[in-house]
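K.L.:
Could you have a look at this structure, given as structure tokens, before my questions?
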Amino acid sequence: MDALIVEPSPTYQRILSRMLESYDFKLTFVDSAIAGLRQLKLQRFQIICVAMYLPDLTGIEFCRLVRQQNAKVPIFIVTSETEPTLLSSALTAGATDIIRKDDLPRLEESLHALIPLGPFRYNISGKALYLEDSLTVAKATDAKLKRLGLQMDHAFSIAQAMQLLGDNKYELIMTDIVLQDNETGIDFIRDLRADSRFAQTPILAVTSLESINRRIQALQSGANDYISKPVLDEELFARINNLISSTRLIEQLTRERQRLLELATKDHLTGLYNRHFLTELAKRRFADANRQQTALSVLVIDIDHFKQINDQHGHQVGDKVLKRIAAMLQTLCGAEDQYVARFGGEEFVVLLTGYDLQRASELAGQLCQSLHQLQPEGIATSASIGVATLAAGQEEYFDEVFARADKALYLAKQQGRNRAIAL
Ligand SMILES: Nc1nc2c(ncn2[C@@H]2O[C@H](COP(=O)(O)OP(=O)(O)OP(=O)(O)O)[C@@H](O)[C@H]2O)c(=O)[nH]1
């Protein structure tokens, strides 16, 4: 599509070119009415933008001359002029619309009416929050975001924005940079990034074209992207689409990573850590304890006569019993310095960092009691526990201490089960 721009001001030539290029227009610039009319004889244009005051004619006269040849081509007069009679005579002369230079987004709205939304279709839904102190700008942006499939909440101040953020989930946060009452969008972005709840929410800063420093500051403060005013619809849509899609991709990857991590580290039946994870962790914790000369204890817990539970109640009930016992162990040994794992079958291991033999034995005694009282699935159960400790200041490694705890467990079984023995 071709657009003719009849505009003597290089600044407005630039602004219009940014706007129209985002709609894939090929642009031809001329700076006088005569040059524009000459160009129209050479080529067909799908739209014309003309300034009100040209070196040779007015935009209105230009419009009238064009209409003598071409009744259809949309002609937009772009002007700072607000005088009503001048504007109405422009419309009488055949102008499609008058666009005020301080309201260029209107041109985009008119373009949308003429041209369907560009080559891209966006698959966006949800809500955006926009911190903007001008109601007019916020309303115009709201209309744009609706076309994209996003609902918009508007806040005038950082406090209002924070309140909305507390009550809603947003796919995107947009913020103007210069706000009222000495507030800035930069402060807002910093507040957001300091709050873990919004660490992943994409932030789009809306800056003025000239303020390169503010754009840099916005990015440094944690904005993911910026867009310059006057905001072009297609650019806004593309940036929002990129931000939201990449955030969704990151969320998906994070979930996937979490799932893989769970698969690699957790036991699938009980959700406790698995043998591999606990063994690796224990090796590191033992190295730390040896270096720092602190105590570290290991409990090996084995359910008594579990085979009988399976035989009498079936394997599925056996599984439920294991899950129930695991949940209880997690509750009783879920503190920061305690790690509980299912080592296999009906055997569990607890790593207790900083626990000397006495503390570990006390805890093992309590676990024995609690497991005996639990009656999972209404079945009387008990457990035997072997306890062993790396005493503070001694040098020993996981394999040795684990072997001692396993030996203690064997003794507990031998001595009648349902007891804890420390070695
Ligand atoms: N339901 C169920 N049973 C399991 C699972 N893993 C191992 N088992 C069973 O656990 C039982 C362990 O039996 P044993 O090693 O003989 O020990 P026990 O019957 O607990 O006897 P003691 O340890 O000597 O008190 C076997 O019957 C296994 O089939 C599991 O994931 N689910």
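Cβ coordinates are placed from backbone N, Cα and C, and glycine is handled just like the others.
Pasting the relevant annotations from TrEMBL:
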type    : residues : note
DOMAIN  : 2-116    : domain 'Response regulatory'
DOMAIN  : 127-244  : domain 'Response regulatory'
DOMAIN  : 294-423  : domain 'GGDEF'
MOD_RES : Asp176   : 4-aspartylphosphate
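So where do these features actually land, and what's packed around them?
P.N.:
For the domain 'Response regulatory' (2-116), the model gives a mean pLDDT of 87.
Counting residue by residue with DSSP, the domain 'Response regulatory' (127-244) contains 58 helix, 28 strand, 32 coil.
Sequence-distant contacts of Asp176 (4-aspartylphosphate), defined as residues of its own chain at least six apart whose C-beta falls under 8 angstroms from its C-beta, comprise Tyr130, Leu131, Glu132, Asp133, Ser134, Val137, Gly185, Val206.
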